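Residues or ranges marked as transmembrane segment in TrEMBL: B:6-26, B:38-58, B:64-83, B:90-111, B:142-163, B:197-217, B:276-294.
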Amino acid sequence: MSGRVRGWMLAGSVVVAVLVVATVLILLAGADPLTGLQGLIAGVSSSPYRVGELLVGAVPIAIVALTLIPALRAGVFSVGAEGQVIFGAIFATAATLGTAGLFGEGVPAPVYWVIGMVSGALGGAAFALLPAWLAERWHVNIILSTLLLNYIAAGFLGWTLRTWLASDENTATPQSPQLPEASALPDLIPGTRAHIGVLLIIVVAVLFEWWRRTSQATRIGVFAERPRLALRLGTTRARTLYGTMLVSGAGAGVVGWLQVAGVNERLFNSVSGGVGFSGLAVALLGALLPGGILLAALFFSALTAGALGIQSATGTVPSSIADVIKGVLLLGVAAVAGVTARSGAARPAAAPPLTDVASVAPDGEPTPAAASVSAGTEERS
Amino acid sequence: MSIELWASILAGAIVLATPLVIAGLGEGFVERAGRLNLGIEGMMILGAFVAVFVASFAGLVAGLVAAMLTGLVLAALMNLVVYRLGANEIVVGLAITMLGLGLSTYLYQLWVPAGQTNVSVPTAPKLDLGILTDIPLIGPALFGQSPLVYGALVLAIAAWAVFRFTRFGLQVRAVGADPTSAALRGVRPRQIGAQTLLIGGALAGLAGSVITLGSIGAFSPDITAGRGYIVLAIVIMGRMTPVGIAIGALLFGFLQSFSLLAQSTAIQLPSELYQTFPYAITLIVLVLTSRAALRRHLGRHVRSKPGRTQSLTPA
């Protein structure tokens, strides 16, 4: 059996697994799987509005995913996109409202967009810098620091929306004041929520394709496998950590701005809405199959929209079925990647490396975590 | 702040620390064997749901057992995908977490459709040792808890004993420290690793059930609120030893209990500060312990260099 046939069979088995799980879940709810399928299709494609929703959902996920790729390739496992989206959104909102406050009416729209985008990127990057610094300086595990910082970001946003960025209006849910009209991104497809900001994905995708061909991308790939060799090729641990984290932070921050300026035109507590975690999942799916990120992001967005369709078609199936399917899908694709990598059929560079750079010491020696394992053993034996 | 408030902060700290201790001990085994279970959050929350669901018709003990089995099944799935099929440990851990969060929400919404009142079950009864429980400040915290709390204590002692005295504990440490030489001496790293992961999964499921059956008596989506990740931080902070993990869990439990109850007092600080306080402190302690680990690592490095004898550097 050739590697290609084997690969297709494995991919097919993931699809079958997803379908089986979805069918079982729908049957559990006492509904007809075919009705569910019709609902799924209707939820995604029944009107231009739904198609617009698909884009609005997919683009933020895809941008987060694409900008996370350098970090994942380098073995910098950042789970902090949620928090970085939040900080990007806060910075962008504050800068936009500040500009309006300073210059009043008459600021042209493009100026607002540049200010919003740049400050969003700065906010996200600044918030990504902290875990990068902690990992570089003190070898703090980057998975844990970014996870913890997500909670801190959520708390900061809650406080922000109650205090210095709170709306003057008397509202039930905490929110910022309405952004000036000129700063809002105009609709791309009339009658939908799809705004011209979704075109940004093209820019990010082009930048990503360019980056993929640079020597820096190669060095980062080498770094994940052999930090010492990467040093000879001219990249250090610090440079890799800061560089990749700043890129992912800036990407997530821009998404924060997109969500504020494009969708709600206000800042809400729900601004990140799981985009960060979905972005990570999509990056992992896409990193395993290069070029598949846009597809995976569209699929994730379609699942979310389609699950609402399933819910309204069947009446009994909760829309959280989408989250279960996303989990099964990620599990299945990870398994397939493992099997193909093991049998040597896959392109090894495509798979995210196993090492966690946060625990790789500068000289490529055993990690502090591993060291503390052996230290513990010594103490006790 | 009055003494009654401090007494309830301490009692709350122990309640909040219990699931962290249980899941942390399990993860201690996993990490000692050189593995990482990033799916704890998913195992905990699915365990938390299954516990309430089963307890609602079969009683408390059945709920606890079912939660352990739930964690066990998810851990077995993780073991299969990561260590048999060769998938990435971190990716699969996140996938298990997504699966657990999604499945618990989905099944809960099927069981209690939107608009219906939540199902609640009786929680584990609290102990009352009479005179001991009446000791001011520490009485309710130490002698007025549910049996689950004392169960966690027993578990911590058992885990310590396993590492200290048993062959299995030694094998786990050997596999984690150097799988190749462990294998040369007849230890099977895969088998030991799988066993630790199953222990970790079962304990994570149990920890989830302690959250719901120990104090709340009902499930709600996202009830674990990231505690599975806190467990991972606690295990690093506690350097993977049962005693260290228990201390780390108690510290986090105390901080969370303090921030929950201090909000109601005269200290006027933004409520978000209280909510993020435990996470921020965890991060700070994580930084401090990572730094110490790095120091130790570098220190050992210096010691092992030729030309220097052991006696020149302090132990």
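Glycine residues also receive a Cβ, built from the backbone N, Cα and C atoms like all the rest.
A TrEMBL annotation is a machine prediction, not a hand-curated record.
When each of B:6-26, B:38-58, B:90-111, B:142-163 is checked for Cβ pairs under 8 Å to the transmembrane segment (B:197-217), B:38-58 comes out on top.
In summary, the transmembrane segment (B:90-111) does not lie against the transmembrane segment (B:142-163): fewer than three C-beta pairs, each 6 or more positions apart in sequence, are under 8 Å. For the transmembrane segment (B:142-163), the partner stretch with the highest count of Cβ pairs under 8 angstroms, out of B:6-26, B:38-58, B:64-83, B:276-294, is B:6-26.
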